[in-house]
Amino acid sequence: MSAADDRAPAQDELEHSEPVTVPSEYGTFSVIGWRVPEPSGAPATEHVSLSAPAPPGEEDLPPLVRLHSECLTGDVFGSWRCDCGPQLHLALERITEHGGTVLYLRNHEGRGIGLINKLRAYKLQDEGADTVDANTMLGLPADARDYTAAARILTAMGLSSVRLLTNNPDKVSKLESLGITVTDVIPHEVHARTENLHYLRTKRDRMHHHLTHLTPGETS
Ligand SMILES: Nc1nc2c(ncn2[C@@H]2O[C@H](COP(=O)(O)OP(=O)(O)OP(=O)(O)O)[C@@H](O)[C@H]2O)c(=O)[nH]1
Ligand SMILES: [Zn+2]
């Protein structure tokens, strides 16, 4: 353990590791781990940023940023119930091509209700509820995500003005309310599948996501 690890951080202090290089199938990233105290006083959550430089000709644009909410089932296990896995892979590709940062938010699993509650919500969806009502039936918010940690990390990285990869207008307004300027909202739509079509239509119709091509196999 290093001297830095021994040091007791102030209660609301943002901690981070030094950047390390991670080569991957998408390209090479500069990766930083971030530890952000939860406002509730709950144990701090560890997040991770993956960044790549902008190519010549694109350095003067605000950086591309993807705020990716953790989805263990989609991101790691390749679940087809949602579009998270393909969205993550598309973001990593876009960031290595155009430069910018993927910020992987690990307190956002299940739109902020956690993994076990998300799986409980899946059970209710299998019994007929949609993704919004399933959360509500569990006595939980339809979307419990808080972007304070994301805004703190972006600010610490010097990214106060960004081009955001998202289909979710609520994500844009919440980030802007925390002091980050979103100069452009760049659609981040991936192929719909038969298995996630109902879920995506619910996101479009009830959560106002900009999803324009909801036929399996199509993307914008
Ligand atoms: N509670 C709940 N969470 C889900 C469900 N399906 C996916 N998620 C979670 O939803 C989060 C991703 O949110 P989305 O609404 O898919 O997309 P978004 O991040 O708001 O918007 P984009 O930036 O356009 O991707 C991840 O944390 C997933 O774990 C579900 O049926 N119920
Ligand atoms: Zn998912």
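Here the Cβ of each residue, glycine as well, is placed from N, Cα and C on the backbone.
Predicted, not measured: the structure shown is a model, and the values here were computed from it.
The compositional bias 'Basic and acidic residues' annotation in TrEMBL covers 1-18.
Marked as region 'Disordered' by TrEMBL: 1-22.
The domain 'GTP cyclohydrolase II' annotation in TrEMBL covers 19-187. Summarised as a single figure, the pLDDT of the domain 'GTP cyclohydrolase II' (19-187) averages 96.
The GTP binding site annotation in TrEMBL covers Arg66, Leu67, His68, Ser69, Glu70, Gln87, Glu109, Gly110, Arg111, Thr131, Thr166, Lys171. Contacts of Thr166 (GTP binding site) defined by a Cβ separation under 8 A and a same-chain sequence distance of 6+ are given as Arg66, Leu67, Val172, Val185, Ile186, His188, in order along the sequence.
All chains included, 21 other C-beta atoms sit within 10 angstroms of the C-beta of Cys82 (Zn(2+) binding site). According to DSSP, Cys82 (Zn(2+) binding site) sits in a coil region rather than a helix or strand. Residues annotated as Zn(2+) binding site in TrEMBL: Cys71, Cys82, Cys84.
The C-beta environment of Asp143 (active site, proton acceptor), restricted to residues of the same chain at least 6 apart in sequence and closer than 8 Å, consists of Arg111, Gly112, Asn135, Asp170, Met207. Look at TrEMBL and you will find Asp143 tagged as active site, proton acceptor.
The annotation active site, nucleophile is assigned in TrEMBL to Arg145. Around the Cβ of Arg145 (active site, nucleophile), the number of neighbouring Cβ atoms within 10 Å comes to 20.
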When you measure from the Cβ of Glu70 (GTP binding site), how many other Cβ atoms are you left with inside 10 Å? 21
Tell me which recorded positions (Arg66, His68, Asp143, Arg145) have a Cβ under 6 A from ligand 1; sequence order is fine. none
Select the closest residue to Glu70 (GTP binding site) from the following recorded positions, measuring between CA atoms: Cys82, Cys84, Arg145. Cys84
Once Cys71, Cys82, Cys84 are set aside, which residues in the chain still have Cβ within 8 Å of the Cβ centroid of the Zn(2+) site? Ser69, Thr73, Gly74, Asp75, Ser79, Arg81, Asp83, Gly85, Gln87
For ligand 2, which among the binding-site residues His68, Cys71, Cys82, Glu109 have a CB under 6 Å from it? Cys71, Cys82
Based on Cβ atoms within 10 Å, give me the single least packed residue among the binding-site residues Arg66, His68, Arg111. Arg111
